[in-house]
Amino acid sequence: MSLGGASERSVPATKIEITVSCRNLLDLDTFSKSDPMVVLHTQSRASQEWREFGRTEVIDNTLNPDFVRKFVLDYFFEEKQNLRFDVYNVDSKANISKPKDFLGQAFLALGEVIGGQGSRVERPLTGVPGKKCGTILLTAEELSNCRDIATMQLCANKLDKKDFFGKSDPFLVFYRSNEDGTFTICHKTEVVKNTLNPVWQPFSIPVRALCNGDYDRTVKIDVYDWDRDGSHDFIGEFTTSYRELSKAQNQFTVYEVLNPRKKCKKKKYTNSGTVTLLSFSVDSEFTFVDYIKGGTQLNFTVAIDFTASNGNPLQPTSLHYMSPYQLSAYAMALKAVGEIIQDYDSDKLFPAYGFGAKLPPEGRISHQFPLNNNDEDPNCAGIEGVLESYFQSLRTVQLYGPTYFAPVINQVARAAAKISDGSQYYVLLIITDGVISDMTQTKEAIVSASSLPMSIIIVGVGPAMFEAMEELDGDDVRVSSRGRYAERDIVQFVPFRDYVDRSGNQVLSMARLAKDVLAEIPEQLLSYMRTRDIQPRPPPPANPNPTSAPEQP
């Protein structure tokens, strides 16, 4: 049963405030200096169109403005959030859209700002031919209320009896209201069996999930009677807000549970029971952004399936086929995930391996060979470097088999085991087309790796059934090996075919894939830091006089 028609809308990971400064701008005014203003545009994921998001104030007569007006953006780690900053010289008598008023622009992703040292970046302004346009400085700051966690406990009294042979089995469903009037489910309590006066266990929920930072936004709570067949009976509902809930820190709050249908039919209807908020508290916790800002680096490693079941790379039917017109599923998966993670890795050097191939010249089978053919240094420069090495390997190795995951998982785990101070977190992307041949060893490797600062993403390509991969995912049943359970859930598996855009839009396909496979990484990183009691380091001090953009590796 669909509870309340809740829409499936993402809750922003957090809200980020961007502060903008510029240095050494072009001077377009004859008798004074420029009067600059910055316009921020964001790019639509679906249409790729740029839309104006907001503007800073105009600062008169300066080439080095520090703008007071900030941009507040919803931040999703798992999405490539492209930004465009246009700088204009504003003459009150002219329109800023005229080319003569344009001072330059910079393109970058929100993740690049957050992933910069201390969540600060400096970029050159470009766009005016033959001119040095100066630089733009961007600083990201997480809004403080985004780190709040609310903990509450509720009970009910004299709920309507819904079961013929016994009392009700009640549970609560919480919904956050959206700006368009719809509601999004954000929490469900446990079911308390056979009672009209249930007391639910205390639970915690991020405040942003409850109200998205708007303390007066409506929170709707439905009361249901649980049924085994899923057709849960609606008992009633009530509404509140975060601000109202927070008053329970000093007093009990009692809500009437109302059933609109009963209220219309029965004149003497009063309510379907009451729900009492017994306790409510708010605590702050460290966030993903805190760790990134404090210098934690995401180390990205790639492992690609070179087994024969992928088909001859020279044939169009192969999953590795290098078409001049479009990327293969392997290349799309690599690009989709890598282009987001690379923003959080300062050196942009990524180890990349293949498995399941025969290597020249002697035909040795390898389950962990460097794509760049350099055993001493498997690092590739940027995601484009990984793709280049992948394409080169397809021309030189022979696809063979079988499909072994354990060697490359253990390889990354050995590197992760050397880091225990929270300064680095490892993300391994495995792209494969089929059935795993070393399930026992892979489970053992995952269980061992679950105590280390690492996560594993597995993307299945092609038409195969991936039941074994679902088993490794561990969302429903924690992965175990020899009676030992994984300390944390560190594996995320998705079949790529579920994300392919039917119209053939590869950009949209990659965005959908990245959104799903990367969504769990921030929480997995936080779970590791919490279990090890590792606090984020303070961000490095800002450079008081930045003048030029840092060189790219």
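Every residue gets a Cβ built from N, Cα and C, even glycine.
Quick look at what Swiss-Prot lists:
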| type | residues | note |
| --- | --- | --- |
| BINDING | D163, D169, D225, D227 | Ca(2+) 1 binding site |
| DOMAIN | 1-125 | domain 'C2 1' |
| DOMAIN | 132-255 | domain 'C2 2' |
| DOMAIN | 299-500 | domain 'VWFA' |
| REGION | 531-553 | region 'Disordered' |
Next item on the list: Could you tell me whether the domain 'C2 1' (1-125) and the domain 'C2 2' (132-255) have 3+ CB pairs under 8 A, leaving out pairs under 6 positions apart?
Entry: yes
Next item on the list: Go ahead and report the DSSP secondary structure tallies for the domain 'C2 2' (132-255): helix first, then strand, then coil.
Entry: 17 helix, 57 strand, 50 coil
Next item on the list: Mind giving me a neighbour count for D169 (Ca(2+) 1 binding site)? Other Cβ atoms within 10 Å of its Cβ, every protein chain shown.
Entry: 20
